[in-house]
């Protein structure tokens with residue numbers, strides 16, 4: 001169990017003891033364990049975050065502009081303030097390091113700007129921050145690498161925000177008795193407002209630029225740093241807990257992730273620092289660059305983006321390949337797949353039948369979606385050439401296909417909590433052409 005020695009103090013559930021909050025805040029048992037700290041199931045998912053009980057505040061350091069010779073105003077409009085990291089997202093990971101994604105289609109949004117400008121979230125003294133002020137903060141500190149910042153916000157909420165159990169509309173009806181007449185439509189919008197408000201609040205508390213500067217780690221065209229120097233500086237400002245850093249192919253710092261457990265509902269904003277569950281980082285031990293915003297390579301290009309790759313997908317251990325529907329066969333012709341770098345990280349996978357998805361209910365692989373908007377984002381380990389999903393690179397099937405050309409087996413993603421008992425376990429090897 002995570003932090004078992006600490007979490008013993010939180011074990012047990014005594015529902016008679018309640019917090020007393022003002023209207024609009026959760027009223028939950030005071031002695032619930034931290035998220036991912038329970039030893040028995042907890043049914044009240046308005047008070048206990050599950051399955052995404054590990055909350056990551058992820059931040060970008062985007063330094064390369066789209067074109068040279070931008071002035072400071074133009075540079076900050078594109079990349080954010082020169083003396084600040086920007087927000088990538090607030091992600092709920094499961095307790096073993098995997099992560100759910102695009103959980104509830106009925107909660108998906110296609111707009112943030114209009115929602116935060118609406119009367120429902122302005123001119124209301126009971127709100128911690130007015131919607132238009134929050135929107136201004138997002139425009140300043142939550143930047144997309146493609147220039148369409150709102151598209152990143154929408155993506156982050158649909159992919160991650162809809163997976164937060166304590167932000168579901170049915171929870172709001174419990175915490176807001178005086179506004180219960182507003183109903184599910186209002187609560188759906190309130191969850192969007194709260195997701196971005198809480199993300200921004202946590203980002204402000206974790207000022208990575210200042211944390212590094214306190215330890216004389218500042219952006220430079222020439223100076224380089226060791227991984228231990230950067231991690232030590234962050235740890236000393238993050239309650240002695242480690243952060244996770246990532247670099248691009250030039251070994252330049254690009255991201256910092258902060259892991260947390262959650263005490264109660266996310267609406268309480270009681271985040272407890274946690275050491276990273278993932279250790280894989282592209283940053284080398286030595287020679288890490290921390291370039292100032294506006295820096296460009298001598299050939300005037302920003303960091304390389306991987307081109308679209310084309311190839312087949314082979315099954316490790318048992319032999320065979322994937323066909324265009326995403327099923328496993330042993331005889332015949334393997335399908336061609338495209339591995340496409342997503343706008344916001346990770347990869348899309350596409351056959352001529354359509355984009356591949358992993359259905360959340362059974363984690364079954366299917367490649368027939370016509371739209372890329374909500375296609376699954378896959379992990380790709382370039383060194384090993386294997387495909388993964390939600391932090392796991394293991395796949396499986398209940399049965400193996402026979403040698404006939406019509407025999408096909410359904411493929412499932414495997415995680416510590418799903419499909420771990422499948423008879424056949426393997427990896428999906430992407431063979432580039």
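Including glycine, each Cβ sits where the backbone N, Cα and C put it.
Using a 10 Å Cβ-Cβ cutoff, residue 88 (active site) registers 26 neighbours. If you look up Swiss-Prot, you'll see 88 (among others) marked as active site.
Residues or ranges marked as active site in Swiss-Prot (evidence: similarity to another entry): 156 (among others). Non-local contacts of residue 156 (active site) by the CB criterion (under 8 A, 6+ apart in sequence, same chain) comprise 88, 89, 90, 344.
Residue 160 (active site) counts 25 other C-beta atoms within 10 Å of its own C-beta, drawing on all protein chains shown. Per Swiss-Prot, active site is recorded for 160 (among others), and the stated evidence type is similarity to another entry.
In three-state terms derived from DSSP, residue 47 (disulfide bond) belongs to neither a helical nor a strand segment and is classed as coil. Around the Cβ of residue 47 (disulfide bond), a 10 Å sphere holds 21 further Cβ atoms from the protein chains shown. The disulfide bond feature in Swiss-Prot is assigned to 28-47 (among others).
Secondary structure at residue 36 (disulfide bond), as computed by DSSP, is coil. Annotated disulfide bond per Swiss-Prot: 36-95 (among others), in sequence order, evidence recorded as similarity to another entry.
Annotation comment: Swiss-Prot describes 46-171 (among others) as disulfide bond. For residue 46 (disulfide bond), the same-chain residues that are 6 or more apart in sequence and have a Cβ closer than 8 Å to its Cβ are 26, 28, 165, 166, 168, 170, 171, 174, 265.
Annotation source Swiss-Prot lists disulfide bond at 103-163 (among others). Around residue 103 (disulfide bond), a 10 Å sphere centred on its CB holds 19 further CB atoms from the protein chains shown.
Taken from Swiss-Prot, the feature disulfide bond applies to 247-283 (among others), supported by similarity to another entry. Take the CB of residue 283 (disulfide bond) and look out to 10 A: across all protein chains shown you find 22 other CB atoms.
Swiss-Prot lists 38 (among others) with the feature N-linked glycosylation site.
Residues or ranges marked as N-linked glycosylation site by Swiss-Prot on the basis of sequence analysis: 71 (among others). Annotation for residue 71 (N-linked glycosylation site): no spatial neighbours, criterion Cβ-Cβ under 8 Å with sequence separation of six or more.
Sequence-distant contacts (6 or more apart, same chain, Cβ under 8 Å) of residue 221 (N-linked glycosylation site) comprise 291, 292, 295. Annotation source Swiss-Prot lists N-linked glycosylation site at 221 (among others), citing sequence analysis.
What Swiss-Prot lists as N-linked glycosylation site is 263 (among others), and the listing cites sequence analysis. In sequence order, 32, 34, 35, 270, 271, 272 are the residues of the chain that are 6 or more apart from residue 263 (N-linked glycosylation site) and have a CB within less than 8 Å of its CB.
Closest by Cα distance to residue 38 (N-linked glycosylation site), from the recorded positions 47, 95, 160, 163, 247, is 95. Residue 163 (disulfide bond) is 14 Å away from residue 95 (disulfide bond) when you measure Cα to Cα. Residues within less than 8 Å, Cβ to Cβ, of residue 247 (disulfide bond) and separated from it by at least 6 positions along the same chain comprise 253, 254, 281, 282, 283, 284, 288. With the fewest other C-beta atoms within 10 Å around its C-beta, 95 stands out among the disulfide-bonded residues 28, 36, 95, 163.
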